[in-house]
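Asks: Per Swiss-Prot, the features are:
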- LYS162: active site, charge relay system (ACT_SITE)
- GLU252: active site, proton acceptor (ACT_SITE)
- CYS286: active site, nucleophile (ACT_SITE)
- GLU464: active site, charge relay system (ACT_SITE)
- ILE27, ASP93, VAL180: K(+) 1 binding site (BINDING)
- GLY150, ALA151, TRP152, LYS176, PRO177, SER178, GLU179, GLY230, THR231, ASP232, THR233, GLY254, CYS286, GLU387: NAD(+) binding site (BINDING)
- LEU246, LYS457, GLY460: K(+) 2 binding site (BINDING)
- CYS286: cysteine sulfenic acid (-SOH) (MOD_RES)
- GLU248: site 'Seems to be a necessary countercharge to the potassium cations' (SITE)
Amino acid sequence: MARFELQKLYIDGGYVDASNTETFDAINPANGEVLAQIQRAGKEDVERAVVAAEKGQKIWAAMTAVERSRILRRAVDILRERNDELAALETLDTGKAISETRYVDIVTGADVLEYYAGLVPAIEGEQIPLRDSSFVYTRREPLGVVAGIGAWNYPIQIALWKSAPALAAGNAMIFKPSEVTSLTTLKLAEIYTEAGVPNGVFNVLTGSGREVGTWITEHPRIEKVSFTGGTDTGKKVMASASSSSLKEVTMELGGKSPLIVFDDADLDRAADIAMMANFYSSGQVCTNGTRVFVPNALKAEFEAKILERVKRIRAGNPEDENINFGPLVSFEHMESVLGYIAKGKEQGARLLCGGDRLTGGVFDKGAFVAPTVFTDCTDEMTIVREEIFGPVMSILGYDTEEEVVRRANDTDFGLAAGIVTRDLNRAHRVIHLLEAGICWINAWGESAAQMPVGGYKQSGVGRENGISSLAQYTRIKSVQIELGDYASVF
């Protein structure tokens, strides 16, 4: 029997039954427990949500900027009041350690909403003089109804990253969470309504990307789609959104990011950064620095420091405050990660540690994979070229700066990159050469609300967070005023 009651769709300010009777299960990856049955939206439900969103958006956009800002700030307060409840639910649904969800996921999501709530009154047009008798003014107007499609690794945070700028700009949003982790997004919908967001301005449709996601991207009255997920799926979403009605898109896609350790680096700091860039959230972070480049002369020493730190990882029940490494998000994903590990072994990478499923005690019922480190990796190996999205680090040796920059950029992806060095000139010189949208120097992973994030190449289109993201949820209307006489050529 499921722990929670049947989860319905959230449309027009409240929970409603789906148009069909199909459901799917939310599974706790730490022990296989069925958390809830969730209704699967039908095509009719997408239309119902669009109609509700169109109605609510007109009310929302007609409010003053200060009114909208005040309501969103109230939602921030409720998020923070319910932080522990939401974190506990996120941990059950994703398997992420409670030490992450309680102190990072909900907190930083609320920070993003607070950031955009503060920017609402700053949405402005321009006045452009043409001559004494004429000028142009511009208006930044909301797009209307927009859609967000989330990934499974940061469910409520991604929902906030997408909905915060959308709602701040006066839009209504239809959000489809990942089928694997849907529960906290439904709670976010409750919070928006409680805060005073008009009915229909934030709707949640649960179900598969293949069906519900496609119906959303194809809908002619949805003006924009913001998607987070894998590159292959992102290409399909972008093609569907474009071919159906030339929708605007934001794509935050996959990565295979390089972390370059230079020969002057503090190796202890470099090892700490590499650990965070590979094993935080059990390796299920799109920006992970999974290709760790280390000078050949320092590789053995660096490997020893990594092994020392791997021993400090505390894997176990993610509801335990002392744990910092939980299961993967699902048993299906666990098998995918184990498949990549097997390929690493087959293709000649040297296994330093891990390489198997964790077993015994609490691990037997969960989707746990041991923190895994390969070394002596080469650029053509599958584990080096493809996104694994799990706790698998690949260490690669190099000899020169020119060589490592070339190899770091030799990828279809361009989401993130980082370097560790004491040389300030080298730091800026090299970071400017790396083909990636999110870069860190002597750090890894922090992504503040003010920081635009997004990828180069096949890692994405557009940006999330920062002031620029707010503009992407508006369109510009130009208006010319003529105060003088008008001369016709006819």
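Every residue gets a Cβ built from N, Cα and C, even glycine.
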Asks: Looking at the recorded positions LYS162, LYS457, which one has the fewest other Cβ atoms within 10 Å of its own Cβ?
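Replies: Looking at the recorded positions LYS162, LYS457, the Cβ with the fewest others within 10 Å is that of LYS457.
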Asks: Of the recorded positions TRP152, THR233, GLU248, LYS457, which one sits closest to the residue listed as 'active site, nucleophile' when you measure Cα to Cα?
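Replies: With Cα distances computed to the residue listed as 'active site, nucleophile', the winner among TRP152, THR233, GLU248, LYS457 is TRP152.
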Asks: Just checking a number: largest C-alpha distance across GLY150, ALA151, TRP152, LYS176, PRO177, SER178, GLU179, GLY230, THR231, ASP232, THR233, GLY254, CYS286, GLU387 for the NAD(+) site, rounded to a whole Å.
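Replies: Farthest-apart Cα atoms in GLY150, ALA151, TRP152, LYS176, PRO177, SER178, GLU179, GLY230, THR231, ASP232, THR233, GLY254, CYS286, GLU387 are separated by 23 Å.
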Asks: What is the one among the recorded positions ILE27, VAL180, LEU246, CYS286 whose Cβ has the most other Cβ atoms less than or equal to 10 Å away?
Replies: CYS286
Asks: 10 Å Cβ neighbour count around GLU248 (site 'Seems to be a necessary countercharge to the potassium cations')?
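Replies: Summing over all protein chains shown, GLU248 (site 'Seems to be a necessary countercharge to the potassium cations') has 17 other Cβ atoms within 10 Å.
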Asks: If you run the three-state DSSP split on GLU464 (active site, charge relay system), which class comes out?
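Replies: For GLU464 (active site, charge relay system) - judged by DSSP and reduced to three states - the answer is strand.
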Asks: May I have the list of same-chain residues other than ILE27, ASP93, VAL180 whose Cβ is within 8 Å of the Cβ centroid of the recorded K(+) 1 site, in sequence order?
Replies: ALA26, ASN28, PRO29, LEU35, THR94, GLY95, TRP152, THR181, SER182, LEU183, VAL329, SER330
Asks: When the Cα of GLU248 (site 'Seems to be a necessary countercharge to the potassium cations') is compared with the Cα of each of the recorded positions ASP93, LYS162, PRO177, THR233, which one is closest?
Replies: LYS162
Asks: Taking ASP93, GLU252, GLU464 as the recorded positions to compare, which has the smallest set of other Cβ atoms within 10 Å?
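Replies: Among the recorded positions ASP93, GLU252, GLU464, the sparsest Cβ neighbourhood within 10 Å belongs to GLU464.
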Asks: Please list, in sequence order, the residues in the chain of THR231 (NAD(+) binding site) that are at least six apart in sequence and whose C-beta is under 8 Å away from its C-beta.
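Replies: The answer is LEU253, GLY254, GLU387, ASP412, PHE413, GLN458, SER459.
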Asks: Quick check for you: of the recorded positions ILE27, LYS162, THR233, LEU246, GLU252, which have their Cα within 10 Å of the Cα of GLU464 (active site, charge relay system)?
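Replies: Close recorded positions: LYS162, GLU252.
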Asks: Given the recorded positions ILE27, ASP93, LYS162, LYS457, GLY460, which lie within 10 A of GLY150 (NAD(+) binding site) by CA-CA distance?
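Replies: Taking ILE27, ASP93, LYS162, LYS457, GLY460 one by one, the ones whose Cα falls within 10 Å of GLY150 (NAD(+) binding site) are LYS162.
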Asks: What is the number of other Cβ atoms found within 10 Å of the Cβ of GLY460 (K(+) 2 binding site)?
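Replies: Its Cβ shell of radius 10 Å holds 28 other Cβ atoms.
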Asks: Can you tell which of the binding-site residues TRP152, PRO177, THR233, GLY460 lies nearest to ILE27 (K(+) 1 binding site) in space, using Cα positions?
Replies: TRP152
Asks: Near TRP152 (NAD(+) binding site), which residues of its own chain have a C-beta under 8 A away, given they sit six or more steps off in sequence?
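Replies: Listed in sequence order, they are THR94, SER178, VAL180, THR181, VAL329, SER330.
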